[in-house]
Ligand SMILES: Nc1ncnc2c1ncn2[C@@H]1O[C@H](COP(=O)(O)OP(=O)(O)O)[C@@H](O)[C@H]1O
Ligand SMILES: O=P(O)(O)OC[C@H]1O[C@](O)(COP(=O)(O)O)[C@@H](O)[C@@H]1O
Ligand SMILES: [Mg+2]
C-alpha cells in the first residue's frame with residue numbers, strides 16, 4: 001500500500017487551453033474538501049525549479065471557471081528536461097512536504113511528470129489539457145471544444161467573404177502533430193478539402209480536385225489545413241496553387257493563437273471540473289501515475305506512459321464522410 005497523500009501541488013504546463021482554470025478550481029476545492037493542503041506551482045515546471053509555489057485556498061480559485069488561459073500561468077521548461085533541473089524542482093516540493101502532484105497539460109508535460117515519479121517516486125496524476133486532443137485514453141481533452149468552436153466561428157466568417165468574391169481560401173488551424181481541430185472544424189464548416197498530419201493527402205491531389213471544380217465553375221472553395229500537415233502549411237500550399245491554377249483567386253488565413261484563448265465552452269468547463277475532482281480522488285485512492293480521461297462517458301485511468309506513447313486512432317468513417325460531403 002502506498003503512503004496516504006496529504007499535501008498536493010497542481011500546475012499547468014505546455015500550451016494553455018481554455019478550461020484549465022476550471023480544472024485548477026476543481027483540484028483545489030476537492031483537495032480541501034478531503035482535508036489536503038493544496039499548493040499552486042506558477043509557470044509549470046519552471047516555477048517548480050524556481051520555487052514559485054504558493055498555498056491555495058477555496059478563495060484563490062473564486063471567479064475563474066469562466067476565464068480562458070490559466071491563473072497559474074504556463075511555460076515550456078528547458079531546464080526541467082535535465083536530471084539536474086528536476087532534482088532542483090523536486091527539492092522545492094519536498095521541503096514543503098508535498099507528496100502528490102496534479103499536472104494539467106499534454107504529452108510533454110506528462111513525460112515530465114513520469115520522470116518525477118521514476119526518479120523520486122512522487123505520485124502524479126495527469127489531466128489532459130491541450131487544444132490538440134492528441135492524447136490516447138480519452139474522448140475529451142480540456143480546451144479542444146472551445147478551440148474548435150473558435151475555429152468554426154472564424155471559418156464561417158471567412159466563408160462569407162470567400163463567397164462574395166468567388167475566392168479560394170486556405171485556412172490554417174493549429175495542431176502540431178494532430179489533425180483533430182482541422183478535421184472537426186473542416187467538417188463543421190463544409191470545407192472542400194481537409195489536410196491533416198495523420199493522412200497522406202498530397203497537395204497534388206488537392207490541385208487535381210480544385211482543377212476539376214474550376215472546370216465546373218465552382219470557384220468558392222475552402223481548404224482547412226492543420227499546421228502540422230506534411231505540406232508545411234497554408235502559405236506553402238497557396239504558392240503551389242497560385243502557380244498551377246493562376247485563374248483562382250487564392251487567399252490565406254492563419255488562425256494561430258486566437259484558437260487558444262477565450263472563455264471556455266460549457267463542455268470544457270464540465271470535463272475540466274469532472275477530471276479535476278477525479279484526479280484528486282485518484283491520488284487519494286493510490287491510483288498513481290495515470291491520466292484521468294473520459295471514454296464513453298465513464299472515467300478511464302490510463303497509465304501515463306501509455307497515454308504519451310499510444311496514438312488516438314482516427315475513425316475511417318469520418319474520413320469517408322469528409323470525402324463524400326466535400327464534393
Ligand atoms: N522528455 C521530457 N523530460 C522531462 N520533461 C519534459 C519532457 N518532455 C516535455 N517535458 C516538460 O513538459 C513541458 C511541456 O511539454 P510540451 O511538449 O511543450 O507541451 P504539452 O505538455 O502541451 O505537450 C516541457 O517544456 C518540459 O518542461
Ligand atoms: O504557442 P506555442 O507555445 O509556440 O505552441 C504552439 C503549439 O501549441 C499548441 O497550440 C498546443 O500544443 P500542446 O498542447 O502540445 O502544447 C499546438 O497546436 C501548437 O503547435
Ligand atoms: Mg503536446
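Using the three backbone atoms N, Cα and C, a Cβ is placed for every residue, glycine included.
Copied from TrEMBL, the annotated features are:
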DOMAIN    7-282  domain 'Phosphofructokinase'
BINDING   15, 76, 77, 106, 107, 108, 109  ATP binding site
BINDING   25, 26, 27, 28, 29, 159, 190, 191, 192, 216, 218, 219, 220  ADP binding site
BINDING   107  Mg(2+) binding site
BINDING   130, 131, 132, 167, 174, 175, 176, 227, 251, 257, 258, 259, 260  substrate binding site
ACT_SITE  132  active site, proton acceptor
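Feature map: TrEMBL annotations on the structure.
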residue	record	Cβ contacts under 8 Å, 6 or more apart
29	ADP binding site	58, 61
108	ATP binding site	13, 14, 76
130	substrate binding site	14, 15, 17, 105, 106, 107, 141, 142, 143, 144
132	substrate binding site	15, 106, 141, 144, 174, 175, 176, 177, 178, 180, 181
190	ADP binding site	159, 222, 325, 326
218	ADP binding site	none
251	substrate binding site	162, 167, 168, 169, 170, 238
258	substrate binding site	150, 154
260	substrate binding site	15, 16, 17, 18, 68, 131, 143, 147, 174
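Ranking the binding-site residues 77, 107, 109 by other CB atoms within 10 A of the CB puts 107 at the bottom. Less than 8 angstroms from the CB of residue 27 (ADP binding site) sit 8, 10, 38, 102, 127, 276, 279, 280, each of them six or more residues away in the same chain.
DSSP classifies residue 108 (ATP binding site) as helix under the three-state reduction.
Non-local neighbourhood of residue 25 (ADP binding site): 61, 64, 65, 273, 276, each in the same chain, at least six residues away, with C-beta under 8 Å from its C-beta. Listed in sequence order, the binding-site residues among 25, 76, 106, 107, 108, 258 whose CB lies under 6 angstroms from an atom of ligand 3 come out as 106, 107, 108.
Cα separation, residue 77 (ATP binding site) to residue 192 (ADP binding site), rounded: 39 Å.
Of all the binding-site residues listed (15, 106), 15 has the fewest other CB atoms within 10 A of its CB.
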